[in-house]
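**Student:** First, the structure itself, so that you have it in front of you.
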4 protein chains.
Amino acid sequence: MPVTPEQQAEIDALRSAPRQTLRAVSEGMESHLYTAYPVLDHGFVRVIDYMGDDAAICQAARVSYGKGTKSVQNDEGLIRYLMRHWHSTPFEMCEIKLHVKLPVFVARQWIRHRTANVNEYSARYSILDREFYIPAPEHLAAQSVVNNQGRGEALTGDEAARVLDILKSDANRAYDHYESMISEDGQQGLARELARMNLPANIYTQWYWKVDLHNLFHFLRLRADSHAQYEIRVYAEEICKIVADWVPFAYRAFEDYRMGGETLSAAALDCVRRMLKGETVTQENSGMSAREWRELQEVLG
Amino acid sequence: MPVTPEQQAEIDALRSAPRQTLRAVSEGMESHLYTAYPVLDHGFVRVIDYMGDDAAICQAARVSYGKGTKSVQNDEGLIRYLMRHWHSTPFEMCEIKLHVKLPVFVARQWIRHRTANVNEYSARYSILDREFYIPAPEHLAAQSVVNNQGRGEALTGDEAARVLDILKSDANRAYDHYESMISEDGQQGLARELARMNLPANIYTQWYWKVDLHNLFHFLRLRADSHAQYEIRVYAEEICKIVADWVPFAYRAFEDYRMGGETLSAAALDCVRRMLKGETVTQENSGMSAREWRELQEVLG
Amino acid sequence: MPVTPEQQAEIDALRSAPRQTLRAVSEGMESHLYTAYPVLDHGFVRVIDYMGDDAAICQAARVSYGKGTKSVQNDEGLIRYLMRHWHSTPFEMCEIKLHVKLPVFVARQWIRHRTANVNEYSARYSILDREFYIPAPEHLAAQSVVNNQGRGEALTGDEAARVLDILKSDANRAYDHYESMISEDGQQGLARELARMNLPANIYTQWYWKVDLHNLFHFLRLRADSHAQYEIRVYAEEICKIVADWVPFAYRAFEDYRMGGETLSAAALDCVRRMLKGETVTQENSGMSAREWRELQEVLG
Amino acid sequence: MPVTPEQQAEIDALRSAPRQTLRAVSEGMESHLYTAYPVLDHGFVRVIDYMGDDAAICQAARVSYGKGTKSVQNDEGLIRYLMRHWHSTPFEMCEIKLHVKLPVFVARQWIRHRTANVNEYSARYSILDREFYIPAPEHLAAQSVVNNQGRGEALTGDEAARVLDILKSDANRAYDHYESMISEDGQQGLARELARMNLPANIYTQWYWKVDLHNLFHFLRLRADSHAQYEIRVYAEEICKIVADWVPFAYRAFEDYRMGGETLSAAALDCVRRMLKGETVTQENSGMSAREWRELQEVLG
């Protein structure tokens, strides 16, 4: 249960008290505000605040291009043009602030996206809760045999049972020891900033994360991708749904040009042009390595 | 006149159409939204959007510090604590988007603050207006005789008149020629991206500028400082007034700890400690250079 | 003449005094160090310092991937893999520091790339030289009739002569007046920070610019592109030649996957797949706008 | 033992093969290159590469200020002036690349400094070693009773023994289970990207970390400070020693103006001025809170 009754009461109170503003309002986003969408077994994503909407992207672009932008008749056309031609600054004019609860090993991947603002719960200052990510059986995957950095089918039978048992019992023992080390009951108690070192990487942390739409799209392209680790991908997918309601034109353009698009190298483009002229192109005469050729075949279906 | 009647009508329309939101609202900021505050002879600053308020700073800090922050009784105390101890991330959780019209030589200083989002009017794409900054007589300052990077008293008499005449006539001639070069009347017309090179640095440009509160404070500390060039300082001062209404607690802490504060070096601290013990400290026995000693005397009044 | 005899003497002295170092050395880059390569009529690019080489990219990647990277047999294969899969952090491990002299309107475009370190000559502090960019006749281009943000053929005849005359005489008049305003001969002299506002955007400035290889590639992809304005493109092209000698494997991968590559949208990929199956695809049944269809035709040759 | 014989052999080989370069060379830094300085029980810091020296800072400043900088007679004076007046860009012209081995909970603090380049060993891709940070007895500190975010005296007797035993046995059990879960001996083997979640935060990771001197100084001011957690402070202190040899002028200025300096608020400055005039200032008439007053007393000794 990712949200406590107290948290739910706070969310309900915030959601029941609309106020007046002169700012740009995205109706699609208002319907998501504060709601904690569950992710994994104890995590969540919820929107704390946002700035701007599709119109704000266009407004910023029109400052840049002045009267010239009048030639693009409507907002969606302009947004698609901006996305297609990598004009990123108008997308930076929208901002989102999320509250995320997530396992530490996911947080460690996430934080590598540096162009964002973060306030994380401090285990140096405060005491962490007893909440650990334990994969659902269907996500308890074996190591991939073809890709160092990937996973294969789910484990089954005894092996799956053994792994689940280890993860659960080690997490609980680590937390029991964490509690007993910091306890001030009949002893001094170890400093929190030291005791936390005993906790495993599947413990949950939480943070406020604020990012502009351009950098969020970059995050989503990498983390909602099928090659991303499942445990971060589910967060990215949940955020995708929210963004689709916040800035529908921008999100559709992102889906078409970024998520669904592919970058072809000069060599790959040359092959495609030759194929379209009717030439039979093989790996041997493609000028590409076996690996690149295989990747191109996948792109071309 | 920095705002055209059309722009004013647009501003009035925006200001007359409040909408409902569930987000944090700063009443002090709502009263500023869209209003163009004049700066210099043709410039302005106006707020297009904002995210967060004083409470949002505290909310982010409380995510970081958990229950620990309860020991600070109230929001203003917490904000002062955060500012005093350089805990900058909670201030990054607020964001502001400004529309600024400013001379190019001011824009060139401003853009050196890299942690911000910018959409500038493109003179490659569009045609600039005939608007130039001409200093008011009291700001037509002579070169400082003590500081390479400063200015002295205002010029007077014939010299002032000559300078004003030069600035006005050169700007107008440059713009006449700009117009005639891009004209397509009876000729091809020079590319805009080339013609703009004839325009002087006092021509006005405009941009959308979006920045978080921490980085805005850093900008204001440097640019609202008495050593900043007058022509950028007046923008910073206008923004200060807006921020004071947006996040009053944070702004007061900023004034006390940053704008009004001073950093003393180890050597300067040592001198102050000796003085407070009653010792007579002179530059000779201070361990400081003549210049550092003079700067310390100014700080100590 | 972009380099004065004094500057050339300084360059010659630096180039004649090699020292010993234990750091990674790129022989290809050493041959470029300090040499000022002329760009435009008075500009130049020269390398002041660099960090790393192709091997340093691989070394950083191998820290990340540990023994796993042994499956990629050699450095060039690894670098191509990293570039193809957008693994950007190993490229960030190389750094370059350039000294660039360039017109102000080019500097204004250049500075929009925020992830870099810059020290620019201060016209607030010092006096600018009388050097202006005047386009060569073949680069005195007309406004494009199809693209707001582009240029067409070179102007010819009287129009070209008129434009050149305007650019030259306005620049010289502006500089004469700049000099006379700051002169302290028989008058106080206007502050430098004010006098500079009279100077047009084709005056030359200079700066030190330091950037990592990943962000440099991003700069080069945008600015060495055929759609970039000629006056910044020539700088980018000069830098490309230097980078090709500094990190030859990385540069070749960049050329193949970035400069020579193209990103196809989901809709465009769908069209290509249908074409390869033998289907006749037209704009009407492509699901793309006329503009996107035209752009795809260009990509497919 | 933080460095394996193989690593030491590699270091020795690199250190025995100087090459010629035309770049700026810091003799003080050359003597540190590649040497792994032990930190904590299994960690280290070693310099992989660097760019620039004290002279490079001055050279960049002189591009900015042109002939004006001649008034500062020597390099050290100029560097002190730049540091005192927060002119940060010349310090950004130096760069350092470190290889650091450190516990994960230290890495999590470190990474919050966003303006740096990082390549971390990937536990998704590779297998982590069995190396955990176990505090030395004198660093096994109790929770502070006055500061949530601090530590008190070292634990002693049975409590210390119990804690050490827990940390060691939990780490070993976690690693044993990590190994058994990823083992492919008689089973499929759990994906590495999942198995790592069982490992505690005191396991060692390693990374390449590249940062400019300005941002490094910011890191050192916060992390070499007495309020920083001991386990990151020892890394910062080791880096301080290296920087002192790399850029001795800049490091001395940093020590005087940053590490040894203090920022006084407007209210604190007012108190100091009144005290120096002979007035008796108490918390009651200081205009400061009890906490701020206490902090001021500490600063004034």
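Cβ atoms here come from the backbone N, Cα and C positions, even for glycine.
Relevant sequence annotations retrieved from TrEMBL are reproduced here:
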| type | residues | note |
| --- | --- | --- |
| ACT_SITE | D:ARG223 | active site, involved in ionization of N3 of dUMP, leading to its activation |
| BINDING | D:THR89, D:ARG112, D:HIS113, D:ARG114, D:GLU120, D:ASP212, D:LEU213, D:HIS214, D:HIS218 | FAD binding site |
| BINDING | D:GLN109, D:TRP110, D:ILE111, D:ARG112, D:GLU120, D:TYR121, D:SER122, D:ALA123, D:ARG124, D:ARG196, D:ARG223 | dUMP binding site |
**Student:** Rounded to the nearest angstrom, how far is the Cα of D:ARG124 (dUMP binding site) from the Cα of D:HIS218 (FAD binding site)?
**Tutor:** 31
**Student:** Of D:ILE111, D:HIS113, D:SER122, D:ARG124, D:HIS218, listed here as binding-site residues, which sit with their C-beta under 8 angstroms from a C-beta of chain A?
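**Tutor:** Going by the Cβ criterion (under 8 Å to chain A), the qualifying binding-site residues are D:ILE111, D:SER122, D:ARG124.
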**Student:** Among the binding-site residues (D:THR89, D:GLN109, D:ILE111, D:HIS113, D:GLU120, D:SER122), which are close to chain C, meaning C-beta separation under 8 angstroms?
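**Tutor:** Listed binding-site residues passing the 8 Å Cβ cut to C: D:THR89, D:GLU120, D:SER122.
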**Student:** Over all shown protein chains, what is the count of other CB atoms within 10 A of the CB belonging to D:HIS113 (FAD binding site)?
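**Tutor:** Excluding its own Cβ, D:HIS113 (FAD binding site) sees 17 Cβ atoms within 10 Å.
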**Student:** Among the binding-site residues D:THR89, D:GLN109, which residue has the fewest other Cβ atoms within 10 Å of its own Cβ?
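**Tutor:** Counting other Cβ atoms within 10 Å of each of the binding-site residues D:THR89, D:GLN109 gives the minimum at D:GLN109.
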**Student:** How big is the gap, in Å, between the Cα of D:SER122 (dUMP binding site) and that of D:HIS113 (FAD binding site), rounded to a whole number?
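**Tutor:** Given the Cα positions, D:SER122 (dUMP binding site) is 20 Å from D:HIS113 (FAD binding site).
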**Student:** For the recorded positions listed here, D:ARG124, D:ARG223, which shows the highest count of neighbouring CB atoms within 10 A?
**Tutor:** D:ARG223
**Student:** What three-state secondary structure does DSSP assign to D:ILE111 (dUMP binding site)?
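**Tutor:** DSSP assigns D:ILE111 (dUMP binding site) to coil.
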**Student:** Please report the three-state DSSP label of D:ARG223 (active site, involved in ionization of N3 of dUMP, leading to its activation).
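**Tutor:** It is helical.
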**Student:** Where the record says D:THR89, D:ARG112, D:HIS113, D:ARG114, D:GLU120, D:ASP212, D:LEU213, D:HIS214, D:HIS218 bind FAD, what is the longest distance in Å from one Cα to another among those residues?
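**Tutor:** So the maximum pairwise Cα distance among the FAD binders is 27 Å.
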**Student:** For a quick check of understanding: given the listed dUMP-binding residues D:GLN109, D:TRP110, D:ILE111, D:ARG112, D:GLU120, D:TYR121, D:SER122, D:ALA123, D:ARG124, D:ARG196, D:ARG223, what is the maximum Cα-Cα distance in angstrom, as an integer?
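**Tutor:** So the maximum pairwise Cα distance among the dUMP binders is 29 Å.
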**Student:** In DSSP terms, helix, strand or coil for D:GLU120 (FAD binding site)?
**Tutor:** strand
**Student:** Let me know how many other Cβ atoms fall within 10 Å of the Cβ of D:SER122 (dUMP binding site).
**Tutor:** 20
**Student:** Output, ordered by sequence, the same-chain residues six or more apart from D:ILE111 (dUMP binding site) with a CB under 8 Å from its CB, or 'none'.
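**Tutor:** Those within reach of D:ILE111 (dUMP binding site), by Cβ under 8 Å and sequence separation of 6 or more, are D:VAL118.
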**Student:** Quick one: Cα separation, D:GLU120 (FAD binding site) versus D:GLN109 (dUMP binding site), in Å?
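**Tutor:** So the Cα of D:GLN109 (dUMP binding site) lies 14 Å away from that of D:GLU120 (FAD binding site).
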**Student:** Within a 10 Å radius around the Cβ, which one of these binding-site residues has the most neighbouring Cβ atoms: D:GLU120, D:LEU213, D:HIS218?
**Tutor:** D:LEU213
**Student:** What is the nearest of the recorded positions D:GLN109, D:ARG124, D:ARG223 to D:THR89 (FAD binding site), using the Cα of each?
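**Tutor:** Given the candidates D:GLN109, D:ARG124, D:ARG223, the nearest one is D:ARG223.
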**Student:** Of the binding-site residues D:HIS113, D:ARG124, D:LEU213, which one sits closest to the residue listed as 'active site, involved in ionization of N3 of dUMP, leading to its activation' when you measure Cα to Cα?
**Tutor:** D:HIS113
**Student:** Can you grab the distance from D:LEU213 (FAD binding site) over to D:ARG124 (dUMP binding site)? Cα atoms, rounded to a whole Å.
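**Tutor:** Distance between the two Cα atoms comes out at 31 Å.
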**Student:** According to DSSP, collapsed to three classes, what secondary structure does D:THR89 (FAD binding site) have?
**Tutor:** helix
